[in-house]
Structure formats: structure tokens, C-alpha cells
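Peer 1: Okay, handing you the structure first.
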Amino acid sequence: MEEKSHMRKQTIQRLLAFSKTRRKQIETTLYNQFIETDLYKNSKTIGLTVSHAHEWETRLIIKQALSDGKQVCVPLCLTDTKTLAFYQLSSIEQLSVGHFNLLEPDPTVMHKVSKDHIDVLIVPGVVFDTDHYRIGHGGGYYDRFLETFSGQTLSILHETQLIDHIPIESHDQPVGTLIIARN
């Protein structure tokens, strides 16, 4: 959808315009807000993507979750089916650059985690609306995964990523909670 593509590009430009200092402040706020939630405190297994490019840093969350004894799992993009499979992570060093330049797990050496065992899934996105719908990167991987995911979902974002309404399509899946860093 052309309108979504335009919204995605505009928002990425805004995200890239943040200074490194401001970006760090926002990431610290998002990290602190997330680890204080009951979703985090009550979870045993957290699924999330290792951030890259314009995305908000998730390595702090990964390190804290591992330190707190939680199971952390990260996705592998299955390009043949355009779906995701999650694998248990014990260290960032286990990952290597894979599809779409994402840090991904090696399925030959890491343990696959069933989606039924993921308590909380941090869903990446570029643009979000007040009904919790999101525009991701356009591949639909998370929307397909979320169709049959029964755990809690959330996204972390800055208020500049939030708009009133996103044009949704039948396959679009909303997230349960938005954690928003505000100016």
C-alpha cells in the first residue's frame, strides 16, 4: 500500500534526525518504562528482535532479562514462508547477520522456542496508531506470526511514531500495549 510506504519513509527520516544524545535518552526512558511493567516482571520468556538501524535499542532489555534469569528468544526470518521462528538466546555473540541485515540465530546450534512458551513479545514497528496497529518494514512477518500468537504483545516507540489512524488491511494485527517515550 503506497500510503503506508510513504508513512514509513517519513517516520524513519524523523527517527534518523534524532541526535545520538537524544536517542540515548529516549532509549533509556523506553528501557526503564518496560522493565517496570508487570508484563516484564511477570514474564518468564521474552521474544524480541535485536534492534538495528533506526530502531530503538533492545540490547539493554536483552542483557537485563538474561541477568534477571528470564529466557530470551530472538526471531529467524523464514523467507520461504515469510514467517518467524524464535530461538533461545544466551548471548548476543551467538547471533550473526542474516536476512534483511538482522542479527539472527543459528538454528543448527540454538534451541527453538515454541510460540506458546513466549509470554511477552516485543513487536518492532515504524509507525503506530492509537488503536495499536502498526506499520512495520513491509514484509508482514510479524503480522503472520501474531495471527496465532496468544501471549502478550507490546511495542516501544517515541511519540513522533504515533498517529491517529493507520490504513489497515485484513492481515494487519494490533499489539496489546504501547510503551511511549514522550518529550
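Yeah, the Cβs are placed from backbone N, Cα and C, and that goes for glycine too.
Quantities reported herein were computed from a predicted structural model and do not represent experimental measurements.
The ATP binding site annotation in TrEMBL covers LYS4, SER5, HIS6, MET7, ARG8, ARG134, ILE135, GLY136, HIS137, GLY138, GLY139, GLY140, TYR141, TYR142. Look at TrEMBL and you will find VAL50, GLU55 tagged as substrate binding site.
Situate these features within the shown structure.
Peer 2: Counting every protein chain shown, the Cβ of HIS6 (ATP binding site) has 10 other Cβ atoms within 10 Å.
Long-range neighbours of GLU55 (substrate binding site) (same chain, six or more residues apart, CB within less than 8 Å of its CB): THR49, PRO124. GLU55 (substrate binding site) falls within neither a helix nor a strand when secondary structure is assigned with DSSP, and so counts as coil.
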Peer 1: For TYR141 (ATP binding site) and VAL50 (substrate binding site), what Cα-Cα distance in Å is obtained after rounding to a whole number?
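Peer 2: Cα of TYR141 (ATP binding site) to Cα of VAL50 (substrate binding site) measures 15 Å after rounding.
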Peer 1: Which has the fewest other Cβ atoms within 10 Å: ARG8, VAL50, the binding-site residues listed?
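Peer 2: Relative to the other binding-site residues in ARG8, VAL50, ARG8 has the fewest Cβ atoms within 10 Å.
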Peer 1: Go through HIS137, GLY139, TYR141, our binding-site residues, and report the one whose Cβ sees the most other Cβ atoms within 10 Å.
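Peer 2: In terms of Cβ crowding, the pick is TYR141.
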Peer 1: Residues with Cβ closer than 8 Å to the Cβ of LYS4 (ATP binding site), same chain and 6+ apart in sequence?
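Peer 2: Correct list: VAL127, ILE135, GLY138, ILE166, PRO167.
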Peer 1: Does DSSP give LYS4 (ATP binding site) helix, strand or coil?
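Peer 2: For LYS4 (ATP binding site) - judged by DSSP and reduced to three states - the answer is helix.
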